[in-house]
Each structure stands twice: as C-alpha cells, then as structure tokens.
Amino acid sequence: LDKYGRKEHRFCLMLIFNIIRYSSPLKNTCLDKTVEFLLWSNAFIIILSCLAVFGILVIVVFAVLFTIYRRTPIVKAVGGYLCFLELLSLLACFCLTFSFIVEPTKASCRLGLPLFGISCSLCISCILANLLQILLGFNFDWSKSSWMKKLNQPALIVIVVPGVQLALCVLWLYYYPPSTGETILVNTILKQCTKGSKLFFIAMLCYNSFLALICFLFAFKGKKLPDLYKNASLISMSMMLFLIVWILFSPIYISKFGKYKRAIESAAILVFSYSILFLHLAPKCYIMVFKKEINNEKAITEYIRKHYEQRGGFQLKQKQKMMLRLAGNHESDSLFQSTSTPPMEKTQNG
C-alpha cells in the first residue's frame, strides 16, 4: 500500500464478487458492509408485535364468548358458525404479521402475502354471506323470485369466494413465487422480500378490495332494515376503513424504500384485522356481557314490530299528505270552474 491507500482502494473496487465489503472514507482499508433488516429491538417492531399479540388474545376471548352464547340470537345474527371462521381468518392475519417483521427468509417471503390474501378473502366472504342472509330475508319476495334462494347459500359463498383467491395465489406461488432478495447499497446490504410478480400481487389486493366494496354496498343498503344489533352499519364502517387503508397504503408502499417497507405491510394488515375485530365483532361481545336483555328473540321481534309500525305510520302520513294535496288541487280546480261558469250561463241566458 502507498501512503494514500490507492492500491487498497483499487483492490476493493476490483473485487467484483466481494460485494460485502466497501472502501473506507480514507480509502486506506476495506470495511465489511452491514446487513440491514428490521430487528426485534426496533421500537416500531416492538409496537407492532405487542399489537399482534394483543389481537390474538382478544380473538381467544371472543371465541370463548361466542362458544358460550352460540345458541343466542346475537351469534345467529352474526352468521352462526360463520363468526368462528371469521375469527379463524383474523387469527391467521394477526399471526402472519410476525412474518413481516423479522429477517426475511424463503418461507416468510413465500407464505406471507399469499396467506394474507386468502385469510382476508375468507374473512370478507363470511361477512358477505351474513349480509346476503339479512338482505334476502327482508328485501325479497321468495314466492316471486325463487331463483334468489340460490344466493342464500353461506357455505357455498365461503367456499367459492376464497377459492378464487386461493387459485390466484397458487398460480402466483407456482409461476412467480416471492423470494428473498438483497439490494446492494454503498455501505449496507438491504435484505428484503421480492414480490415475484407485481401483477399477481396487485390482482390479490384488487380482488380483496372488490369484495370489500361489494360488502360495503350491501351493508349500506341494509342500513334501513330493522337491525337491532346494527350489523349493516358496523360492517359498512369496517369495510370503508379497509378501503381507505389500502388506498393510502398503495402509494406509500410503492414509493417507500428501505427496511421499513415490510413493517408498513404489517401495519396495514393490523389495521384491517382490528377494524373487523372491534367494529364488527366487539359490539356483539359487549351485548353478550353487558346487555343480555336484548340478546333474546322477544327483543328482536319487538324491535322489528316497532320498526315496521313506525315505517307504516310514516308511509300512512305521507299518503295522507299526498291525498290532501291532491284534494286541495281538485278543490281549487272545481272552484275555478264554478267561478268561471256563471258568466257563461249569463251569456247563454242573455
């Protein structure tokens, strides 16, 4: 080496295959590049991990409550056995967040996003099947539209809707599977997961967003129905939050570069899971524990009766107002005719 370290610097640059080293600022020695990924000691990772663990504990508590009150109307209103599938899919989502906040491996990269896509579609399909039961039960005349009965097949919906996502993810994993990758920077080596195929990744997100949009439209339509437990309103809020999160997530995810990119994925999954957990399922558990007086068939029947009585009374008042308006218009017309006929009679007599 000369006193300026030129030979050593040239040696670092000439080692094409030695990508884990770089030249020091003084150009007099070679330094090893640091491998960069999210560590468990990172504050952001600690927060995400605590949220995921808390979500898992809440799901266990909710599962116990739904099991105890499984024969009550509140559990049937959520879809009966569908709520357990919904809890199972949310449990998978919370567990999958850990695959995004550790050192990327071949298994975590390949299974993370595809399994989330399948779990998310399963969760939304359970909500969609429950909404169809409510809408078809109140809005359609079964005698005139018997073909609509075919839509009221919760088991078929839960199988077909996630089945499409499953087929999509299987093709993704077979042809262009996600894998581990490294980005060589000046002083560091960034370990991350590659998507394999951006087309399959976007298709997975778009499919789940499409399902969420359908659920939102159905729930918004069902807000006018006699729903004692406010299922439609709460579902519409959770689906709206899901759409907003993923709309905001997409540009941030595309523009973000660095080790926190996978943490953003984990945060988006947590927001989706908590929106379903606390906006859709938590109010039902609150009724089970603290408002048992409305968790019976008598309360539901009374609520539905009052709803249709008020609705019928309102429609009756509207019809009466309309009839009064028509009667008023008819009286004004007859008055006009009566005031206009005497001069004609006078002319005829004259």
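Backbone N, Cα and C define each Cβ position, glycine as well.
TrEMBL: automatically predicted annotations, no manual curation.
Residues annotated as compositional bias 'Polar residues' in TrEMBL: 334-350.
Confidence for the domain 'G-protein coupled receptors family 3 profile' (44-304), expressed as mean pLDDT, is 83. As annotated by TrEMBL, domain 'G-protein coupled receptors family 3 profile' applies to 44-304.
According to TrEMBL, the feature region 'Disordered' maps to 331-350.
Residues or ranges marked as transmembrane segment in TrEMBL: 43-69 (among others).
According to TrEMBL, the feature transmembrane segment maps to 81-101 (among others).
Taken from TrEMBL, the feature transmembrane segment applies to 113-136 (among others).
If you look up TrEMBL, you'll see 156-175 (among others) marked as transmembrane segment.
Annotated transmembrane segment per TrEMBL: 199-220 (among others), in sequence order.
If you look up TrEMBL, you'll see 232-254 (among others) marked as transmembrane segment.
The transmembrane segment annotation in TrEMBL covers 266-282 (among others). A Cβ distance under 8 Å defines the sequence-distant neighbours of the transmembrane segment (266-282), meaning residues of its chain 6+ beyond its ends; these are 48, 51-52, 55, 58-59, 62, 78, 83, 86-87, 90, 93-94, 96-97, 100-101, 116, 120, 123, 127, 231, 234-235, 237-238, 241-242, 245-246, 249, 253.
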- Query: Sequence gap of 6 or more, Cβ distance under 8 Å, 3 or more pairs: do the transmembrane segment (199-220) and the transmembrane segment (43-69) meet that?
  - Reply: no
Beyond a gap of at least 6 residues from its ends, the CB atoms lying under 8 Å from the transmembrane segment (113-136) belong to 78-79, 82-83, 85-86, 88-90, 92-93, 96, 148-149, 151-152, 154, 157-158, 161-162, 164-166, 168-169, 172-173, 178, 195, 201, 204-205, 207-208, 211-212, 214-215, 218-219, 221-222, 225, 227, 231-232, 235, 239, 265, 269, 272, 276, 280
